[in-house]
Amino acid sequence: MSEEAARKLPRYALLALLCVFIFCGLTAQDLWTVRDAESFGIALGARSGSWAEALLPGIAGRALVDHGPLAGWVSAAFMGLFSGLFGDVFAYRLSSLFWFALTTATLWYGTWHLARRPEAQPIAFAFGGEASPRDYGRVVADSAVLLFVATFGIVTRQYEAGPDTALLSLAALNFYGLTRSLSRPFAGAFLAGLASGLAALASTLFAGVWLLAATVIVQIVVRAVGGNRELRIALALLGAALPIALWTGAALLVAPDAAATWLSAWAARQAAFFGIVEASTLVWFLKNFVWYLCPVWPLALWGLYSWRRQLDLTHLLLPLASIGTGLFAALLSSGQTADQVFLAFIPATAVFAAFGLITVKRSRENVLDWFALSVFSLGVLTLWAYWIAWNIGFPPKMARSVSMLAPGIAPEFTFGTVVAMAASLVWFGFVVWRLSHRPKVAWRGPWLAALGMTAAAACSLGLFHTAVDRNRSYADVARETAAELARRGAPEACVAAPTVPPGIQALFAYYGGVRFAPSAEASCRFELVRTSRDEAPEGTIAGPFSRPHTDERFFIRRGTATLDRKHRP
């Protein structure tokens with residue numbers, strides 16, 4: 001690689017892109033997904049509840065054992081610091097900034113340490129002029145982070161603050177620990193193991209175990225790692241066990257009986273994640289991996305081909321060991337979606353893709369440039385076309401599409417609109433720059449891909465956040481339900497909700513003050529039913545309550561307590 005190809009991407013430009021990308025998620029005023037709502041409910045309970053509620057996640061008295069409590073603790077800390085200034089929902093969303101900063105920082109520094117190794121350096125030119133190890137390491141690290149940001153399948157995860165987002169960050173921290181073990185064997189191994197344990201505490205035990213397995217495999221197969229191998233593996237195991245031991249010990253100390261029950265349910269649920277993968281998961285991945293892992297997968301495959309005779313080199317073997325472990329883990333994942341399984345190994349894939357990018361010939365390297373220019377330019381122009389149609393009512397079909405999404409909501413010129421305009425101008429400025437120049441810098445393709453993704457995110461969230469808030473928010477539905485309960489003289493009555501997910505229960509309780517029963521068998525005067533059918537369930541006394549343009553319906557019907565009194569002799 002020449003000095004010109006490794007020319008430095010200005011730090012302010014990289015930092016500005018990352019800040020704009022992640023801050024776009026703060027334009028939303030509400031929670032748009034059930035998984036995000038569930039994480040919010042857990043964080044709310046951890047902040048305002050007892051120590052037992054913080055250590056043992058749950059909503060409305062119902063234990064939630066799919067994930068550990070770490071993501072909820074981080075969100076609760078941000079809510080405790082900033083709720084008074086910005087409100088609970090915005091303060092909760094701020095924790096996504098922490099996870100994104102941790103992800104990008106550890107991914108960058110891990111790649112930088114790996115790319116500066118002697119065996120990673122490009123072939124020296126006969127008359128000089130090749131990139132220095134420092135410049136080469138920087139351009140590879142920049143490319144890895146930019147490709148990570150541009151990956152299609154994880155964009156929405158970056159704007160959430162739940163277990164999946166935490167898993168991405170801790171997987172990047174695990175990778176950083178593995179790279180540090182090359183220069184500091186014992187500290188790096190312990191850090192990689194600690195990240196594995198924290199991943200189990202934030203996400204699932206399955207994710208933590210397989211990150212730990214990748215850590216152990218790297219300690220065994222990568223010969224460049226110094227120090228006593230058995231001691232390194234022991235330190236990794238110790239680091240992984242430490243967070244789990246401290247958490248379970250604290251829970252058993254604070255609430256022995258509740259902790260024993262909760263941990264037993266958690267262990268059973270986590271054990272269910274280990275098994276042969278369902279066929280539906282494989283089918284989903286085979287159908288969707290082309291876009292889900294775009295644009296990293298073509299570059300990773302190219303790197304595998306171009307480096308095929310040198311895959312034992314440290315800078316290639318280390319990320320490959322993580323990716324290979326992840327692929328094997330995917331075959332042994334039961335009861336999980338395909339995107340959840342692969343989250344833990346996307347950072348390593350982005351790193352390997354960055355090394356693959358370096359080997360692409362200039363004629364082929366331009367493919368990423370043109371892909372980014374065409375796809376994201378078309379996307380940004382389409383978003384603006386729909387926003388203009390929403391404002392002026394023409395073309396009528398496009399205007400009607402947005403109005404159906406959020407009836408009763410008029411377009412507004414907000415700060416998000418200004419951000420979308422600025423991002424679009426910057427994007428098309430770089431489009432003109434790329435069309436009128438033939439830059440040699442190696443980071444141009446990843447830069448255009450990440451910038452295009454940022455512009456698309458800024459436009460979609462900045463222009464349509466009020467419409468999406470109206471369509472996806474449960475605030476109005478919760479208030480309507482609470483008003484109906486109050487009209488029937490029972491504003492604080494116990495409500496059973498066996499068909500309503502815990503995340504939605506959390507939002508109904510937060511926005512409407514609805515008090516849900518802790519178990520499906522509880523005897524309550526009313527029952528809230530969630531269904532996708534328009535027909536009212538038997539015993540319905542109110543409803544339907546629904547969000548606009550969705551097939552989700554809520555009905556209130558008589559609960560078992562009402563029926564018992566009605567049939568009492």
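Each residue's number is its place along the chain shown, starting with 1.
Just so you know, glycine gets a Cβ as well, placed from its N, Cα and C.
Annotations in TrEMBL come from automatic prediction, not curation.
Summarising the annotation, TrEMBL assigns transmembrane segment to 70-90 (among others). Long-range neighbours of the transmembrane segment (70-90) within the same chain, counting only residues 6 or more positions beyond its ends whose Cβ lies under 8 Å from a Cβ of the stretch, are 26, 29-31, 39-40, 42-47, 54, 57, 98-99, 161-163, 165-166, 198, 201-203, 243, 510.
Annotation source TrEMBL lists transmembrane segment at 97-115 (among others).
Long-range contacts of the transmembrane segment (189-222) within its own chain (CB-CB distance under 8 A, at least 6 residues past either end) are made by residues 66-71, 163-164, 166-167, 170-171, 173-178, 180-182, 229, 232-233, 235-244, 247, 270, 273-274, 314, 317-318, 321-322, 325-326, 329, 333, 336, 340, 343-345. For 189-222 (among others), the entry in TrEMBL reads transmembrane segment.
Taken from TrEMBL, the feature transmembrane segment applies to 234-255 (among others).
Away from its own ends, the transmembrane segment (289-307) comes close to residues 147-148, 150-153, 313, 316, 323, 339, 342, 346, 349-350, 352-357, 359-360, 364, 368, 371-372, 449 of its chain (Cβ-Cβ under 8 Å, at least six residues beyond either end). Residues annotated as transmembrane segment in TrEMBL: 289-307 (among others).
Tertiary neighbourhood of the transmembrane segment (316-335): same-chain residues 114, 175, 178-179, 182, 206, 210, 213-214, 217-218, 221-222, 272-278, 281, 285, 300, 303, 307, 310, 341-342, 344-345, 348-349, 351-352, 355, selected by CB-CB distance under 8 Å and a gap of 6+ residues from either end. Residues or ranges marked as transmembrane segment in TrEMBL: 316-335 (among others).
Marked as transmembrane segment by TrEMBL: 341-360 (among others). With a cut-off of 8 Å between Cβ atoms, the residues of this chain six or more beyond the transmembrane segment (341-360) that come close are 1, 103, 107, 110-111, 114-115, 120, 122, 140-141, 143-145, 147-148, 151, 153-154, 157, 164, 167-168, 171-172, 175, 199, 203, 207, 210-211, 214, 277, 281, 285, 292-293, 295-297, 299-304, 306-307, 315-316, 319-320, 322-323, 325-327, 329-330, 333, 368, 442, 445-446.
Under the heading transmembrane segment, TrEMBL lists 367-389 (among others). Tertiary neighbourhood of the transmembrane segment (367-389): same-chain residues 150, 295, 299, 357, 395-396, 398-399, 401-402, 411, 420, 424, 427-428, 431, 434-435, 444-446, 448-449, 451-453, 455-456, 459-460, 463-464, selected by CB-CB distance under 8 Å and a gap of 6+ residues from either end.
Long-range contacts of the transmembrane segment (409-433) within the same chain, counting only residues at least 6 positions beyond its ends with a Cβ under 8 Å from a Cβ of the stretch, are 20, 24, 27, 373, 376-377, 380, 383-384, 387, 390-391, 447-448, 451-452, 454-455, 458-459, 461-463, 465-467, 470. Residues or ranges marked as transmembrane segment in TrEMBL: 409-433 (among others).
Only residues 6 or more beyond the boundaries of the transmembrane segment (445-464), in the same chain, are considered here, and those with a CB under 8 A from a CB of the stretch are 9, 17, 20-21, 24-25, 27-28, 142-143, 146-147, 149-150, 152, 155, 295, 354, 357, 365-366, 368-369, 371-373, 375-377, 379-380, 383-384, 386-387, 402, 414, 416-420, 422-424, 426-427, 430, 434. Annotation source TrEMBL lists transmembrane segment at 445-464 (among others).
Same-chain neighbours of the transmembrane segment (97-115): 18, 22-23, 74, 78, 136-138, 140-142, 144-145, 148-149, 158, 161, 165-166, 168-169, 172-173, 175-176, 178-180, 182-183, 314-315, 318-319, 347, 350-351, 354-355, counting only residues six or more beyond its ends whose CB sits under 8 Å from a CB of the stretch.
Away from its own ends, the transmembrane segment (234-255) comes close to residues 51-52, 55-56, 68-70, 186, 189-198, 200-201, 208, 212, 215-216, 219, 262-263 of its chain (Cβ-Cβ under 8 Å, at least six residues beyond either end).
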